[in-house]
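Report on the structure given below.
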Amino acid sequence: MRKGSVGIAEAADLYGNIQQAEEYGYVQRGLKSRHIQFIALGGTIGTGLFLGIGTAFAKAGPLSVLLGYSFTGLAVFAMMQCLGEMATWLPLPGAIPQYCARYVDPAMGFAVGWNNWYQSAITLCAEISAAAIVIGFWNDEINMAAWITIIIVLVVCLNIFAVSIYGEAEFIFASIKIITIVGLLLLALILDLGGGPSHDRLGFRYWKHPGAMKEYVGKGDTGRFLGLFSTLVNAAFSYGGVEMVAVAAGEAEDPRRNIPKAVRRVFWRILFFYVLGSLAIGVLVPSNDDRLLNGGVGAAASPWVIAIYRAGIPVLPSIINAVILTSASSSANAFLYTGSRYLFGVAQIKQAPQFLLKCSKTGVPYYCVAITASVSLLTYMSVSTGANDVFIWFQNLTTIAQLFTWCSICVAYLRFRSAMLAQGVNRDTDVVFKSKFQPYTAWFALLYFGMIIVFNGWKVFTKGNWTVSDFLTAYIGIPIYFGLYLFWRIFKRTKFVNPAEADIWSGKAALDAEVWPEHIPKNFIEKVWYWIA
């Protein structure tokens, strides 16, 4: 069956008639296995790991950052287990709002879909803003608006043509990021053991002075606990985008094989990139370094580059700066893609104008791409306000929206699991990817993310720290989410979905009928490559 006919068959299965599928067109399964695996690998490596982690490090200290990123990483892994099972059973484009609408309540699908869209669109702005910060490392004389324009044009071009072009771009970007972070971890080990130009063995000296867990706002154990808690929001921002692999499932070749493969590796990605990364920074840079406390321009704000400066290694900071720029551009590219697919998914469940379903001949929902890209024009605010301030503002605003997305995934999974039990689906035999330790895994992640949402703005309630802007950025996401939910619930008078009647089947038949060729490695090199990609 040709790719185009596969897409039309899936669309007809979802829309209920072939006429609507042919009128609007449909996304195509143009993402190969290596695209999916590298989107999954590189999706979590963004400016949060290269730039944002420095803020948490300066406030809380090395041990607090290590613990904060580890705890949040476990919750993210638990959430991805839930999403992986749903996405393997029914891989849909922009799937998360569709799962919520089918399994929980159509009003929740509406709230999640539009919440996800604005979160992706604003994160797009945050990443473009971060790229503008980074370029200032080399040249701060050219007007920042010029760089912002170039980056916006680049990511739009990568998204407006066939999805395979987006996949190739992310494959290249992710490869650069992965090689860089592996190199940085090796460099950290060498410098820590005294292999740098000064041959100074660092050990864990910076955990003793200025301390492994710094006091933040309070004093003593209370201050150290608050320092640890403050890292959780930074960690949530850094992990943002980990769910991209499920969003891409609707355009992936052989999703029943490739999605489980990517999801199973989430734990190792988290352990290797973030847990080891935060440990590496903690042994290389003291948390009271002036450049961390006062901020720097471009890569100079990155704890990785500060470590290289301290080690006295020339040239390398510019190379890392180029990688951070690539990383920011990659993340902007990815969030334009996910935002457009969320908008497409909301239109599929008839909670957005139906013209958004219109796709090009190559399967790109171009109206969705254009509308999402138009939000990126907000990034020009950084020209007058200051790119670093805008980046921090965008980061705080999007993190809570991200947490609501993750909570919604957990709720949708709990209802999905109930629907499968009610409708006689045997998870031991009928499910390709069975998530572990359920339903406890879903409940753990849901309660953990809910705790961060409720308490993320705790600092504004302490003496001398109240500001209206901080309060709004911490909590504006809550009324936005519930306002969207109540609007659709009241407007359409929706009800919670009965598990026995939940739609876990529409769109599945066409995918089940498709047979994907199995790639058998011919030699050892191919065997290694197929394991990686």
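Every residue gets a Cβ built from N, Cα and C, even glycine.
Between the listed ranges 38-58, 290-310, 500-520, TrEMBL ties the annotation transmembrane segment to 38-58.
Feature annotation (TrEMBL): of 81-104, 393-416, the stretch labelled transmembrane segment is 393-416. Summarising model confidence by region, the domain 'Amino acid permease/ SLC12A' (35-496) averages a pLDDT of 80. Taking residue pairs at least 6 apart in sequence, the transmembrane segment (145-165) and the transmembrane segment (171-191) share fewer than three C-beta contacts under 8 angstroms. Between the transmembrane segment (364-381) and the stretches 117-138, 437-458, 470-488, Cβ pairs under 8 Å are most numerous for 117-138. Relative to the transmembrane segment (437-458), the listed stretch 470-488 leads the set 117-138, 145-165, 266-285, 470-488 in CB pairs under 8 A.
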